[in-house]
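Swiss-Prot has this to say about the protein:
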- THR235, SER236, GLU237, GLU289, SER388: L-serine binding site (BINDING)
- ARG266, SER267, GLU268, GLU353, ILE354, SER355, SER356: ATP binding site (BINDING)
Amino acid sequence: MLDIQLLRKDLDGVAKRLADRGYTLDVAAFSALEAERRAIQTHTEELQARRNSLSKQIGAMKGKGEDTSAVMAEVGGIGDDMKASEAKLGEIQARLSDLMLGMPNVAHESVPVGKDEADNVEARRWGTPRQFDFEVKDHVDVGTPLGLDFETGAKLAGARFTMLRGPIARLHRALAQFMIDTHTQQHGYTETYTPYIVNPEILYGTGQLPKFADDMFRVEKGGAENTVTQYLISTSEISLTNTVRESIVDGAALPIKLTAHSPCFRSEAGSYGRDTRGMIRQHQFDKVEMVQVVAPETSYAALDEMVGHAEAILQKLGLPYRVITLCTGDMGFSAAKTFDLEVWLPAQNTYREISSCSNTEAFQARRMQARFRNAQGKPELVHTLNGSGLAVGRTLVAVLENYQNADGSVTVPEVLRPYMGGMERIDAPAQAS
């Protein structure tokens, strides 16, 4: 959530910055609510002052033995008026809150202004795409003989679900283990196991609700009269970041660095017809997530560090990639600045997103009321960051395509072999004669 003081101080400036993100701020609606809030608040303060004055008058009158019934009746009437004003003020503040919950974060000044992904800026590349001396297959054709089973996944759960079997399932698990081990042993993160189902207020904290309810899978429990609605997580960023919800952290404890391997569940409501073949866009996929909770003055250094941590995974796997600075119009709702990592997929002859690392500054912290005690001992909002380290399924796709061989086998990247029992390559099972 944006700082309401920023809106009150520079409403037109904020509206311009949000317009750069493709969001139209209803300046008239906000201004009208603010004017109404100020009027009611002023009226309430006047009533309070009048009641205080009358209370003193009653004390003086009683000291003189005078009749106070008329004055006390007026005080009672003021009390009723104050309750009505406070109720109205609460209603206005709730409407302001609803309006602000729908506003995205403002972009950092270093973010390039643009409309969509066409305006993103490439920051750098790493690695050279492999030159194949045979016809390259995509991950579906490479993986299907090795245990990638889309047919059974669809039979069990419908489109955009996949079954993995045998060595390819083991390779998928090996990738996640390798990522977690790297982040915990080399990058300083604490491994965390989180709930996969969370309460609605948790999603308000990180910004998925109310705007993106259609992208979430919802579950309900209880009978008709006591139904409780919860949500499957679309990323473990949600649960990891909310660990500091409604708390004041000791400044000496920062930075807090957490990582988790979890399934992620997304309805992909706006993705009809996109990436319908293969594992690129699934309703259920695994991801290793990185989250950092830091002091405000260190958050952009932390963002660079986090991007480096995601890059390290790709470099150790020997997968060519590029780093993209997202423009204002392509960033996620909560982000102030985002870098995407895109891995090379030879069958598509292009780079595809495999990680997104974002600094949300105080946007999520304000929604969660997550604070730390600064050097002066005063509570201050933390900054929160999140990043994929990496999407496991898409990394599997990249390994299958970049490490495929002419005979249909797949070479196991060297760093994964300890997790694969020393296996150097995955071969299709021999066909029965």
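Backbone N, Cα and C define each Cβ position, glycine as well.
Feature map: annotations from Swiss-Prot on the structure.
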{"residue": "SER236", "record": "L-serine binding site", "Cβ contacts under 8 Å, 6 or more apart": "THR192, THR194, ALA260, HIS261, SER262, CYS264, LYS287, GLU289"}
{"residue": "GLU237", "record": "L-serine binding site", "Cβ contacts under 8 Å, 6 or more apart": "THR206, GLU289, VAL291, ASN386"}
{"residue": "ARG266", "record": "ATP binding site", "Cβ contacts under 8 Å, 6 or more apart": "ASP215, MET216, PHE217, SER234, GLN282, HIS283"}
{"residue": "SER267", "record": "ATP binding site", "Cβ contacts under 8 Å, 6 or more apart": "ASP214, ASP215, MET216, PHE217, HIS283"}
{"residue": "GLU268", "record": "ATP binding site", "Cβ contacts under 8 Å, 6 or more apart": "ARG160, ASP215, ARG281, HIS283"}
{"residue": "ILE354", "record": "ATP binding site", "Cβ contacts under 8 Å, 6 or more apart": "LEU314, TYR321, LEU341, GLU342, VAL343, SER388, LEU390, ALA391, ARG394, THR395, ALA398"}
{"residue": "SER355", "record": "ATP binding site", "Cβ contacts under 8 Å, 6 or more apart": "ALA310, ASP340, LEU341, GLY387, SER388, GLY389, LEU390, ALA391"}
{"residue": "SER356", "record": "ATP binding site", "Cβ contacts under 8 Å, 6 or more apart": "GLY332, THR338, PHE339, ASP340, LEU341, GLY387, SER388"}
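When the Cα atoms are compared, GLU353 (ATP binding site) and THR235 (L-serine binding site) turn out to be 16 Å apart. Spatially close to THR235 (L-serine binding site) yet at least six residues away along the chain are SER262, CYS264, LYS287, GLU289, ASN386, SER388, judged by Cβ distances under 8 angstroms. The binding-site residues considered are GLU289, GLU353, SER388; of these, GLU353 has the fewest other C-beta atoms within 10 angstroms of its C-beta.
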